[in-house]
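> What follows is a single structure, and I will ask about it in a moment.
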Amino acid sequence: MHCSIIAAGYGLLAGAVTFPTANSRRHVVHERREWLPINWARGNELHSEALLPLRIALTQNNLDKADLFLMDVSHPESPNYGKYWTAQEVADAFAPSDITIRSVVRWLEDAGIASDRVKQSRGLAWLHADIAVYEAENLLKTKYYQYTHTGTGQTHVACEEYSIPEDRIASPMKRREPNHNEVELNKYHISAIGHKVEAGTANSIGSPEDPTLPKQSDSRFPLGIFNALDNYDTSINPACLRALYSLPNSANIDPNSVNSFAVVEYTPQAYVPSDLDMFFTNYSPALYDTKDTSVNEESNLDLGYAMALLYPQTVTLYQTGDNEEGASFNNFLDALDDSYCTSDGGDDSSQDGVYPDPSAGGWKGSENCGGEEAAYVISSSYGYNEADLTPFYEMRQCNEYMKLGLQGVTFLYSTGDNGVAGNGGQCIDVANKTYNDGSSGMFNPSFPGSCPYITAVGATQVKANASVTQPEVAAESIIYSGGGFSNVFDTPSYQAGAIQNYFANHMPSYGSDRYNTTEKSRGFPDVSANGVNYVMAVNAKFIHLYGTSTAAPTFGSVVLLINSARLEAGKSPVGFVNPALYANPAMLNDITSGGNPGCGTDGFSAVEGRDPVTGLGTPNYPEMLKYFLNLP
């Protein structure tokens, strides 16, 4: 349920409405926000007769069986391994039931909101009705306030907790975090508030200020200085990665028209053709002048290394968002699945791009809902802090990755570059639950890295003066591998044994004031790959780049090569790969040295077995290939 209203709109409603039965019931708090996100301040209560467009997201059917469904097609011991669902089968399995719809309509009628005021979305995923503030406050036993972003002046409407009748606490109404971010007031109807309201914008993914972008070295180097395996411990190039992980060279890769690998980039990030040509001239000459087209290091890096490692296999670019509005992970998922545009109430206008975009230069067409086909392997090198978003927002998105996994898609996300701290090195102040400067406080997990239905990729590096045959260590130059334990998601079944083993043998010394010590939460990363000293051409100069954002497409390339071999053998792609990896961790190179400091601590340590720094380890391609080719 939306306590905060997603749709824009503000006006006045006259008249009184009685509530003959709702007030006589005992209500219990359904959800509560414990603190406000950083830079948001609560203002005045809303006028009682102001009109709010209430949206109630309907619980999807069978979400309680999602883990069972996904394990049935993804666990190597399942007789249905690799027997993926169609998009229609997924949509049908999770559509809200008729009982759900009737139950929520009855609840609204009991509160005096007549059924003829209630409309259902075309996708049947939510109900909406225009109701007065006093009706909403009576219905949900809450208070609505105006909230203002102290930096931008952007204004939203929300409540901080809401309640529903006790007899409906297990109801089909979707739990929804009361989020100040989730309502944008229509800037043309603000008389009841008396403050200017700015149009909402999407998050900063891909912007120059995005802290998840790869880190650069200060030095720039002349063309051609990095060749083959020279300077192996100080400069990583495609040949180094092939040597590290025993990957085939281009001559031994057979392109498959069905196989597909994609990277996702968010405008204004876009690749520069001349930079890629410069990179390919030195490291993959066959790719020179093979691109289509435009900014910068993240896009150059993701595309450059994926194309170099996988040539002649095709690599797809999903370019998401326009230059004005930007875009989010949800906008990208909308393009892959039309039902996601509306399920559980649809996108959040304060986090996700809204299209058509009325801004000058903005995209004037409708949002892409289901217009793109999902590649078998999708790599994304961006991320949030878990604390940036509400649990509902994260759970809704995580469930979409589950649905794509049911269809045989492998989704990889990088885990961040600040160890146990969040983006920009921020940690969470224990007392007031706001971000601080990172010198103390609670650890700050990343998302989507903490989602149990994606493969979270951390970073390693080659030790100084080490040879190609020596083990890597956790990244400790410029960056530290993001890792830890989720504050939102429980331990998934496939990871339970690894989590138990870690705490039984390597119990951290920190208390609950530092991290989620329940021993029952999702641990991340799942795996790692090299993320330090990547050579890349940026603005016509070679530089070094650092980040888990380099590791995600590298590990994804390994998965794509395995898919190629399986498809050639008449088998399905590996799909959601985590259950198979955890079932046979010996096919990865265990990393046992290094850590991921942050928040004024040493963070966690890389140890024998799966750990919250490098996960299960780095790819050993020959062993992985042998294992997956032996699966059905």
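Note: Cβ is positioned from N, Cα and C throughout, glycine not excepted.
These came from TrEMBL, pasted as-is:
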type    : residues               : note
DOMAIN  : 235-631                : domain 'Peptidase S53'
REGION  : 343-363                : region 'Disordered'
BINDING : D590, I591, G609, D611 : Ca(2+) binding site
> Can you name the residues of this chain that are 6 or more positions from I591 (Ca(2+) binding site) yet have a C-beta less than 8 Å from its C-beta?
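Expected: T460, P471, E472, V473, A474, S528, A606, D611, V613, T614, G617, T618.
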> Counting Cβ atoms within 10 Å of each candidate's own Cβ, which of the binding-site residues D590, G609, D611 comes out highest?
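The most densely surrounded of these binding-site residues is D611.
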> Inside 8 A of the center formed by the CB atoms of D590, I591, G609, D611, which other residues of the chain have their CB, for the recorded Ca(2+) site?
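Going along the sequence, the neighbours come out as T592, A606, V607, E608, R610, V613, T614, G615, L616, G617.
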> If H, G and I count as helix, E and B as strand, and all else as coil, what does DSSP give for D611 (Ca(2+) binding site)?
strand
